[in-house]
Amino acid sequence: MHPPDDDVARRGELVVVTGMTGAGRSTAAKELEDLGYFVVDNLPPSLVRDVVALVDDSRGVQQPVAVVVDVRSGSFFETLEGHLAQGATGRRTTLLFLEARDDVLVRRQEAARRPHPLQAGGRLLDGLARERVALASLRATADVVIDTSGLNVHQLTDRVAEAFGSDDATRLKVSVVSFGFKYGIPVDADLVADMRFLPNPHWVPDLRHQTGRDPDVAAYVKGRPGAEEFLEQYVPVLETIAAGYLTEGKRFMTVALGCTGGKHRSVAMTEEVTARLTARGYDARAVHRDLGRE
């Protein structure tokens with residue numbers, strides 16, 4: 001069992017996430033969810049096949065599934081290896097094991113102010129020792145082992161994305177949204193730019209009933225003074241911000257370009273910004289929120 005190399009293999013994958021308490025299971029699960037996995041926490045092995053079938057039926061196509069288990073699952077660990085060996089789900093199965101040094105786990109547990117599930121009123125180190133014994137066989141058979149002792153949250157998510165994402169999973173996904181100010185600024189926008197500094201095609205009779213997606217309107221908007229200067233300066237700014245987002249572990253960015261009604265200027269400029277970002281290797285898509293509302 002090994003991590004997939006492409007999207008096709010990834011769709012038929014089942015990832016079992018386990019490891020030491022405080023080693024980052026929740027962080028890994030969140031990243032897998034961001035990568036498109038259907039994530040289930042603390043699922044008994046007898047239900048894995050049913051959940052996989054349910055996910056496939058509800059989606060119409062196979063979706064990668066991740067199951068998160070910990071030492072509190074009890075009997076799960078007694079039967080988990082058998083279920084993986086039997087290939088009960090008919091899926092390619094990968095076991096991800098997260099671990100860290102005891103001193104690191106102690107610091108994390110103390111920071112969280114939560115007792116270890118196997119501490120049983122004793123010392124935290126005693127609980128960690130029991131957990132290592134309980135997980136020893138799974139650790140020995142794991143396909144992917146990540147020691148998170150020296151990793152921060154962003155570094156761990158990067159490691160998970162590298163292991164289980166598609167080829168472009170580590171690229172930033174950019175949504176460029178056109179909108180009309182009279183309908184309100186998109187609430188999910190990370191960045192907002194105002195295209196009302198450009199002349200409005202609404203006042204050109206031949207263009208009034210067209211939109212920014214029509215070639216005549218697009219040429220008019222992009223040919224106005226200041227349009228090209230804006231594009232030449234704004235797109236590099238977006239690239240700088242995108243690089244920072246990736247460094248901080250953020251994989252989605254929403255850029256909103258607005259004009260009065262979201263029909264002409266913002267639409268044309270959104271299409272152009274999207275095209276330029278795509279040409280630079282970004283996974284960018286144009287979304288026209290208010291087009292057609294007038």
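Going from the start of the chain as shown, residues are counted 1 onward.
Cβ coordinates are placed from backbone N, Cα and C, and glycine is handled just like the others.
Remember, TrEMBL labels are computer predictions, not curated facts.
What TrEMBL says about this one:
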type	residues	note
BINDING	Gly19, Met20, Thr21, Gly22, Ala23, Gly24, Arg25, Ser26	ATP binding site
BINDING	Asp70, Val71, Arg72, Ser73	GTP binding site
DOMAIN	13-167	domain 'RapZ-like N-terminal'
DOMAIN	172-291	domain 'RapZ C-terminal'
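In the three-state DSSP assignment, the secondary structure recorded for Met20 (ATP binding site) is coil. The two recorded residues, Gly19 (ATP binding site) and Asp70 (GTP binding site), show a Cα separation of 7 Å. With all protein chains in the displayed structure included, the most crowded Cβ environment within 10 Å among the binding-site residues Thr21, Ser26 is that of Thr21. Between Ser26 (ATP binding site) and Asp70 (GTP binding site), the C-alpha separation comes to 11 Å. Around Gly22 (ATP binding site), the same-chain residues six or more apart in sequence whose CB sits under 8 Å from its CB are Ala100, Val104, Leu105, Arg108, Gln109, Ala112, listed in sequence order. Cβ atoms within 8 Å of the centroid of the Cβ atoms of Gly19, Met20, Thr21, Gly22, Ala23, Gly24, Arg25, Ser26 (the ATP site) belong to the same-chain residues Asp70, Leu98, Glu99, Ala100, Leu105, Thr148, site residues excluded. You'll find the Cα of Thr21 (ATP binding site) roughly 8 Å from the Cα of Asp70 (GTP binding site).
Counting every protein chain shown, 28 other Cβ atoms lie within 10 Å of the Cβ of Gly19 (ATP binding site). Its Cβ placed at the centre, Asp70 (GTP binding site) has 22 other Cβ atoms within 10 Å. Taking CA atoms as the reference points, Met20 (ATP binding site) and Asp70 (GTP binding site) are 8 Å apart. Note on the domain 'RapZ C-terminal' (172-291): its mean pLDDT in the predicted model is 94. In terms of DSSP secondary structure, the domain 'RapZ C-terminal' (172-291) contains 53 helix, 26 strand, 41 coil. In this structure, the C-alpha atom of Asp70 (GTP binding site) lies 9 angstrom from that of Arg25 (ATP binding site). Met20 (ATP binding site) counts 25 other C-beta atoms within 10 Å of its own C-beta, drawing on all protein chains shown.
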